[in-house]
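Asks: Below: one structure in structure tokens.
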Amino acid sequence: MAHIDRINILANHLSKEEEEENELLTSPVSADKKKETVTVTDNRNGKSYDFKIKNDTINALNFKELQLAKGDGGLMIYDPGFQNTAVVTSYITYIDGDKGILRYRGYPIEELAERSNFLEVAYLLINGNLPNKSQLDGWSNKIMTHTFLHENLVGLMKTFRYDAHPMGMLISTVAALGTFYPEANPALAGGDIFKSENVRNKQIYRIVGKLPTIAACAWRHRIGRPYNTPVNHLGYTENFLYMLDKLSEPDYKPNPVLCRALEILFILHADHELNCSTAAMRHISSSGTDPYTSVAGAAGALYGPSHGGANEAVLDMLIHIGSKENIPQFISDVKSKKKKLMGFGHRIYKNYDPRAKIIRRVAYEVFESLGKEPLIEVATELEKQALEDEYFVSRKLYPNVDFYSGLIYKAMGFPTDMFPVLFTIPRAVGWLAHWVEHLEDPETKIYRPRQVYKGEWFRNYVPIDGRPPAKVRSQDSYSSATTKRYSKVTSH
């Protein structure tokens, strides 16, 4: 199996020689070896240290050696937001942001979007290689036979308010899902249960299979319609669209153009290296918890507007612009910092996001089937003018994956509060791929970042009667809107 092969590869790499590769060098280094080191001089005491370079990284623990006095703990690396810190070695997704390259397990995203389907890409990400036909058939069958929800779980979803946010419903339901499978909880069944590939795979089938059902139920709940049950002989995205839209038609068939469009969108969103939610997945999993808890936590990270809400912000921006005639003024406002240009630029990509090129094409295919979305003309003209403007080009601001995806979802009839849900379904496959890799990595440790403490150094306890008024934060300066909202909550 691919999992066992990767374990053997990792084990072979962890020879004594390689374990010492990133350690501090205490003996002279030859001229040739010097090319693979970096010399750090501590100007506080004049001492110099040679650190080995491996895979373009330096072991952060080396800096503990930079001490003024023995045992003082040395130096730490300060990196807010992990902007230049690698915490894992991964074999899943490769990104070259300067060249605009994205590959899953070595396969260009363009080829996978053109020729593959979502469940095949899911197999690739989680297992490491593309399956043959019998492997893909078995994989797809196991996932599609785990699409149904327990009646008690359905009952739980029905207790949410009629206007509950679909993402909140999804997160809560996924977290609750773990309570239905205590045999998959290391806290109950033993910390080593996921050494069993069968136990591990069972949870993958369940999560990948049930997420579209949970998402569809959240959508139906929001619009006040009865939940639909899955139809397992349909494809993954076809079944999802069926559960979303079927009313009373005896032979309802989702639009095949929309099925394929959603398939491509799911492929493009399946993984993107160590983004915020994937890092959360690995962080939570490092404590040894079950994957349902970890996926719910990762989904919570994705719920944040800076991560999973970007395409909604693009849509709001395009609606605000309104027409092509207003674009020059909008661009002028962006340059003068009066407005923000959403859907352009990326923390990693300093070139055109390869996913955006694919989504642009998919958008036009969807509009040909459903009718043109008026905002597409605004989007394409905004893209054209921005890419011809030196202000944006010099800052390497190119369209990203969110620029067109929201337009497609809007054309398909999804409200903006479903956008993060549509992001979560495919990204869960990436989370699970990282979960498997984390379980198999012999270097895995519980995540425990350091901090730089800048608080009070030492204070003696003072009895309450002898204390002056304490300095308070902003608790007493709520906005009037917030105060009203809190008063409504507390009055119920």
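Every residue, even glycine, has its Cβ placed from backbone N, Cα and C.
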Asks: Give the range, chosen from 13-36, 469-492, that Swiss-Prot lists as region 'Disordered'.
Replies: 469-492
Asks: Taking the Cβ of HIS346 (active site) as centre, how many other Cβ atoms lie within 10 Å?
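Replies: Looking across every protein chain shown, the total is 24.
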Asks: Long-range same-chain neighbours of HIS307 (active site), Cβ under 8 Å, sequence gap at least 6?
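Replies: HIS307 (active site) has long-range Cβ partners ASN275, CYS276, SER277, ALA301.
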Asks: Counting across all protein chains present, how many other Cβ atoms fall within 10 Å of the Cβ of ASP402 (active site)?
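Replies: Excluding its own Cβ, ASP402 (active site) sees 25 Cβ atoms within 10 Å.
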